[in-house]
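Annotated purine D-ribonucleoside binding site per Swiss-Prot: HIS5, GLU180, MET181, GLU182, SER204, ASP205, in sequence order. Among the features that Swiss-Prot reports, phosphate binding site is placed at GLY21, ARG25, ARG44, ARG88, VAL89, GLY90, SER91. Under the heading active site, proton donor, Swiss-Prot lists ASP205. Marked as site 'Important for catalytic activity' by Swiss-Prot: ARG218.
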Amino acid sequence: MATPHINAEMGDFADVVLMPGDPLRAKHIAETFLEDVREVNNVRGMLGFTGTYKGRKISVMGHGMGIPSCSIYTKELITDFGVKKIIRVGSCGAVRMDVKLRDVVIGMGACTDSKVNRIRFKDHDFAAIADFDMVRNAVDAAKALGVDARVGNLFSADLFYSPDGDMFDVMEKYGILGVEMEAAGIYGVAAEFGAKALTICTVSDHIRTHEQTTAAERQTTFNDMIKIALESVLLGDKE
């Protein structure tokens, strides 16, 4: 049944949901990659759709910006609508010089300056990691598509406009591939409620060099990321 944030019924969502931050990007994914699409959510403008990809039922819905927003939607999808796997598809900023614009990053883990996982884990550190099989399937899908994806840790920041520039030096030292705002929260929700999750990001800007992708470049590389996510779902069905 409907929740305060999702006006759908059980069965409206597939067991796998792709989640970009922007609800309009969710609409674009549904219209571009899925067939037999129908809208299943529009509360607060957070659009959600269900359709099929190569005959496989898949849903796509926005999750908004930041851990609090994405945590609400992922929790409700898992506990109220039977969703088993969530794949965040978004953008990130690079801090390492060997990570380039338009690189696709598969987030096997996510550090964070948020306390959300400490709250749920009795004030202890929680290793916020993606599901191994989902990571492996994404890597295999990327190889099959000819995309040289990077695999490693992300950093989920609470502040988009951070006043602590020195923190980027620490991230680089520890090998962080990209900075975004949601992965650690999504991995924590999945762990708490018995689901599986993965984050795949496209590098849209470089924090060190101040380079940014153009709208056309973002669209092309974004499509590569979505194809990886969708094909990884099909690979997961073969397990």
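Positions of Cβ are set from backbone N, Cα and C atoms, glycine also.
Positions of the features from Swiss-Prot, shown on the structure.
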| residue | record | CB count, 10 Å |
| --- | --- | --- |
| GLY21 | phosphate binding site | 20 |
| ARG25 | phosphate binding site | 20 |
| ARG88 | phosphate binding site | 28 |
| VAL89 | phosphate binding site | 23 |
| GLY90 | phosphate binding site | 26 |
| SER91 | phosphate binding site | 22 |
| GLU180 | purine D-ribonucleoside binding site | 25 |
| MET181 | purine D-ribonucleoside binding site | 25 |
| GLU182 | purine D-ribonucleoside binding site | 31 |
| ASP205 | purine D-ribonucleoside binding site | 17 |
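Nearest in space to ARG44 (phosphate binding site), taking C-alpha to C-alpha distance over the binding-site residues HIS5, GLU180, GLU182, SER204, ASP205, is HIS5. Listed recorded positions: HIS5, ARG44, ARG218. The one with the lowest count of other Cβ atoms within 10 Å of its Cβ is ARG44. The DSSP secondary structure for GLU180 (purine D-ribonucleoside binding site) is strand. Less than 8 angstroms from the CB of SER204 (purine D-ribonucleoside binding site) sit SER91, CYS92, GLY93, LEU101, GLN212, THR213, ARG218, each of them six or more residues away in the same chain. DSSP gives ARG25 (phosphate binding site) a helix state. Neighbours of GLU182 (purine D-ribonucleoside binding site) among the binding-site residues GLY21, ARG25, ARG88, defined as a Cα within 10 Å of its Cα, are GLY21, ARG88. Of all the binding-site residues in the record (GLY21, ARG25, ARG88, VAL89, GLY90), the one with the smallest CA separation from ASP205 (purine D-ribonucleoside binding site) is GLY90. Taking only the Cα positions, the spacing between ARG88 (phosphate binding site) and GLU180 (purine D-ribonucleoside binding site) is 11 angstrom.
A coil conformation is recorded for HIS5 (purine D-ribonucleoside binding site) in the three-state DSSP classification, outside any helix or strand.
Of all the binding-site residues in the list GLY21, ARG25, VAL89, the shortest Cα-Cα distance to MET181 (purine D-ribonucleoside binding site) is found for GLY21.
For GLU180 (purine D-ribonucleoside binding site) paired with GLY21 (phosphate binding site), the C-alpha to C-alpha distance reads 11 Å. Residues listed for purine D-ribonucleoside, HIS5, GLU180, MET181, GLU182, SER204, ASP205, cover a largest CA to CA span of 31 Å.
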